[in-house]
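Here is the structure we will look at, set down as structure tokens.
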Amino acid sequence: MRRIQIFDTTLRDGEQSPGISLSVEEKVEIAHQLARLKVDVIEAGFPITSEGDFEAVSRIASEVEGPVIAGLARIHQEDIERAWEAVRWSRRPRIHTFVGTSDLHIEHQMRSTREEILSGAAEAVRLAKSLCENVEFSPMDATRTDIGYLAEVVAAAVEAGADVINIADTVGYTTPAEFAAFLRELKERVPGLAERVLSVHCHDDLGMAVANSLAGVEAGATQVEVAVNGIGERAGNASLEEVVMALVTRKDYYGVEVGVETRQLANTSRMVSNMTGYDVPPNKAVVGRNAFLHESGIHQDGVLKDRRTFEIMKPADIGLEGTNIFLGKHSGRHALKEALADLGYTLEGETLKRAFKRFKELADHKKTVTAADLEAIAADEVGSFEGKFVLESFRVVAATGRQSRAAVRIAHADRGTFEAEAEGEGPVDAVFRAIDSATGIKGRLTDFRIDAVTGGKDALGEVRVTVEFEGTECAGRGLSQDVVEAAARAYVRAVNVYTAGAVKVPQATP
Ligand SMILES: CC(=O)SCCNC(=O)CCNC(=O)[C@H](O)C(C)(C)COP(=O)(O)OP(=O)(O)OC[C@H]1O[C@@H](n2cnc3c(N)ncnc32)[C@H](O)[C@@H]1OP(=O)(O)O
Ligand SMILES: CC(C)C(=O)C(=O)O
């Protein structure tokens, strides 16, 4: 039976979603979970774009075993060499190089000609191949490219040694029947393609990324590029869990196999949602919270008699068989570590110690510590930026009809402790102003989101902020049962990100 390779681009295209900026530690943790999920390829990043991306790809390449580790590169020599420097630590490295091939891209983005792009693509593949055994080439905007010219470029890439040819529907423009016909014609025009892996990479601008990817499989593709929860540039990529479960559930129709450990899907989806701050819609296929809930009487009656009447997948198939985690204030570090491992987190050393302390504090105040609480704490600790500023304490006075007043005490790793007071429109504003004053760094809040991790008055609150410091937007996340403290932690985290010059939050175009 034909085997379909699952190429996960959560850490590259997924991270291109507006507002997502993952730390190196978070990327490494997600990559370990992707390996547990048994994807075939992890696209770990685009190494030339920043030191952080380079470090993340290098760490993943040296630490994560199992999947092929790919790094993205434009057709520039320096991009390809940088990608190689990062992925070469993997036992199974891949360089993925790409260039726009539609006339729109060639003329208006690249300001080049068809001839130059064709020879540039072939040269890039040759260079990549001289460094790395495994090379993927993607004609970007392939579905809006004249098929005659696309066939020439693909033939040149094949001739230059590309192992994988990835046909990208970069702007989510194609439709399933059209895409399948396009791929079939391309295969006819480029006979050498038959000896290579044919891959598809679909975006969701018209809501057809998954349907187009599956049409690609029907037309002979043996690699599908996807992202967890469908995150990615603009409307996102084809969703990993939907493509995988469609191929698994409808094996009778597609007649293909995948190597994915589907029981890790729910864990992986929650981890990516926790770390990126991108919620999964309740009605999302496969991993949405309603995906296995039955609301109406007739459905409930059917499910009670035989689940198959209204369920085409079993919750257990995606890892939703319920959790055995019952941790309370008498649990120890080993039990916590074990419970976290069941949820897909590999916390060690100092990170585990800090998570344990937070867990104990929570268990002291909250009746039941749930799996969702543990996941939130673990994600928070993995993402905790080793910044110089630490919120030591704060005090707020808030009353109806009056300005709130806050005092904060903030320690700096090299410069001692700073205290400041400020007034503001409500307790959160007052605390943020006091932090500005204590750190001497003025930020402008551009986004503020608050969520409860679980139900109940004693739930953990999670705050996410985006703060602009002199034109640079930085993201922060904070977790606490006290929402003002969660907000203060999130804000201090953003200050640390800014002062370390670590990451910039990508801007959505208006
Ligand atoms: C469809 C996709 O998802 S493609 C991947 C998109 N991902 C990203 O862009 C990652 C984040 N990007 C970045 O950090 C930056 O854009 C960088 C580091 C890649 C490049 O930064 P800069 O050198 O400042 O260039 P900038 O982003 O402004 O413009 C892109 C340049 O790359 C060129 N370019 C774009 N794609 C390619 C390609 N595949 N091969 C060669 N050149 C390319 C553009 O024509 C433009 O060149 P120009 O400066 O000569 O006009
Ligand atoms: C780099 C390529 C494959 C891409 O992300 C796209 O075209 O959407």
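The backbone N, Cα and C atoms fix where each Cβ goes, and this holds for glycine too.
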Mn(2+) binding, same site as HIS201, HIS203, ASN237 - TrEMBL member from ASP8, ASP13, ASP429: ASP13
Residues close to Mn(2+) site centre defined by ASP13, HIS201, HIS203, ASN237, Cβ within 8 Å: THR9, ALA168, THR170, CYS202, ALA209, GLU225, VAL226, ALA227, GLY232, GLU233, GLY236, ALA238
DSSP-derived class (H/G/I helix, E/B strand, else coil) of HIS201 (Mn(2+) binding site): strand
Other CB atoms within 10 A, centred on HIS201 (Mn(2+) binding site): 29
Within the region 'Regulatory domain' (390-510), residues counted as helix, strand or coil by DSSP: 31 helix, 53 strand, 37 coil
Packing count at ASN237 (Mn(2+) binding site) (other Cβ atoms within 10 Å of its Cβ): 32
Local confidence of the prediction over the region 'Regulatory domain' (390-510), expressed as mean pLDDT: 88
Around the Cβ of HIS203 (Mn(2+) binding site), the count of other Cβ atoms that are within 10 Å: 25
